[in-house]
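Undergrad: Dropping a structure here in structure tokens format, bear with me for questions.
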Amino acid sequence: MNVVLKFVRFYGYRGLRIVKGSMQYVWDDSGRKYLDCHAGHGAAFLGHSNPAIVEAVVRQARELVAASSSFSTPSLEEALTEFSRIAPPWAEEIVFLNTGTEAVEAALKAAWLATGKRGIVALKNSFHGRTLASLSVTWNPRYRRGVPVLDTRFLSPSTDPGEVEKLVPEDTAAIIVEPIQGEGGLTKIYAELAKALREAADRVGALLIFDEIQTGFGRTGRVWAHESLGVEPDIMTAGKSIAGGLPASAVLSREGVLATLASGRHGSTHAANPLSMAAVAAASRFLREEGVPDKARAAGALLEGLLRDRIEGLRLVRGVRGEGLMLGVELRLDPGPVLRCLQESERVLALRSGATVVRLLPPYSISREDAEMVVYGLERCICGGSGC
């Protein structure tokens, strides 16, 4: 007798079967419509089934799906051209991969090879992935438990910039930082700390890595969130939305850094595959031609303003955090019941960040009506019958 294998879920099941999506909305198998502020952990920032991405992927699927990066393909060439138009000006080299954690692994490996050192510095409350090296620079002890992770020195995001120099050892190969901590309660790194980390990296000959997997590609209202810090890294990771929701990631570096991974020092079967590259090219073009970062900044300002007006003063709310369309509401209680209420009663999908923050990662296309739906739904779900 054939038995369907049991699917092991990495994340807690939300009790919802999603069958269709269109831009900022998804539908379940009963036809109910939801505003999606979860967006596949932020991957659907350009919208579910964005026609520009769908058209490019369907066209490519009819021509060529699989090819090793030992060969050149038109879709890879197009992806390089389009992504280069939105890349930060300091970047000179790029590799395409499949997932965010893969990008972090490659970034750290390149740093080790380029510097000849082994030490790593990261920030407390960071999240960079769940494979071995990326897990080693992820703070959450629950994720790390039982796994022989690499030694990492963790600094507080509130570290005094004047203290950074003596906290970064001489044997450091890489300092890795998220401009805004996706799982760390949406804590923003401040410019003074970023500058101190840049100076410390230069002093010891380490490479500074900015992890822009969640913050990048327009979500914060800039193409890359680190643009607001006045600091340039040596390496940057990108992922989630760079292929319009399909699996793709990238690592960018200064000249000579990623080159250490060439000629068999690194590899990935599906890296730079034609289908994903067609999606990266289409997504990059759409981001630029449609002015997506500017639209995200405007939509984020609207949503943040409504949250501050209606939500921030509630008795059970500590504050509103984030930037652009990467926003969070810090609560004085477990966000789990609030997330369930949003889904079941308000038809808004969201997720948590850290222990007490409701995280909102909607597509760039949300409207004022959508923003009001989120805010009034949050107000009802936070207050319940308490009259707060």
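Yeah, the Cβs are placed from backbone N, Cα and C, and that goes for glycine too.
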Undergrad: Please pick, from F83, F127, F286, the residue that Swiss-Prot records in the pyridoxal 5'-phosphate site together with G100, T101, D211, E212, I213, Q214, T269.
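TA: Site partner of G100, T101, D211, E212, I213, Q214, T269 for pyridoxal 5'-phosphate, according to Swiss-Prot: F127.
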Undergrad: What recorded positions in the list D211, E212, I213, K240, T269 lie within 10 angstroms of R130 (substrate binding site), counting C-alpha atoms?
TA: none
Undergrad: Round to a whole number and give the Cα-to-Cα distance in Å for the pair K240 (N6-(pyridoxal phosphate)lysine) and T269 (pyridoxal 5'-phosphate binding site).
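TA: Given the Cα positions, K240 (N6-(pyridoxal phosphate)lysine) is 19 Å from T269 (pyridoxal 5'-phosphate binding site).
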Undergrad: Counting across all protein chains shown, how many other Cβ atoms sit within 10 Å of the Cβ of R130 (substrate binding site)?
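TA: Step by step: centre on the Cβ of R130 (substrate binding site), count other Cβ atoms within 10 Å, giving 15.
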Undergrad: Around the Cβ of K240 (N6-(pyridoxal phosphate)lysine), how many other Cβ atoms lie within 10 Å? Please give the count over every shown protein chain.
TA: 27
Undergrad: Quick one: pull the CA-CA distance for S268 (substrate binding site) versus F127 (pyridoxal 5'-phosphate binding site), whole Å only.
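TA: Cα of S268 (substrate binding site) to Cα of F127 (pyridoxal 5'-phosphate binding site) measures 23 Å after rounding.
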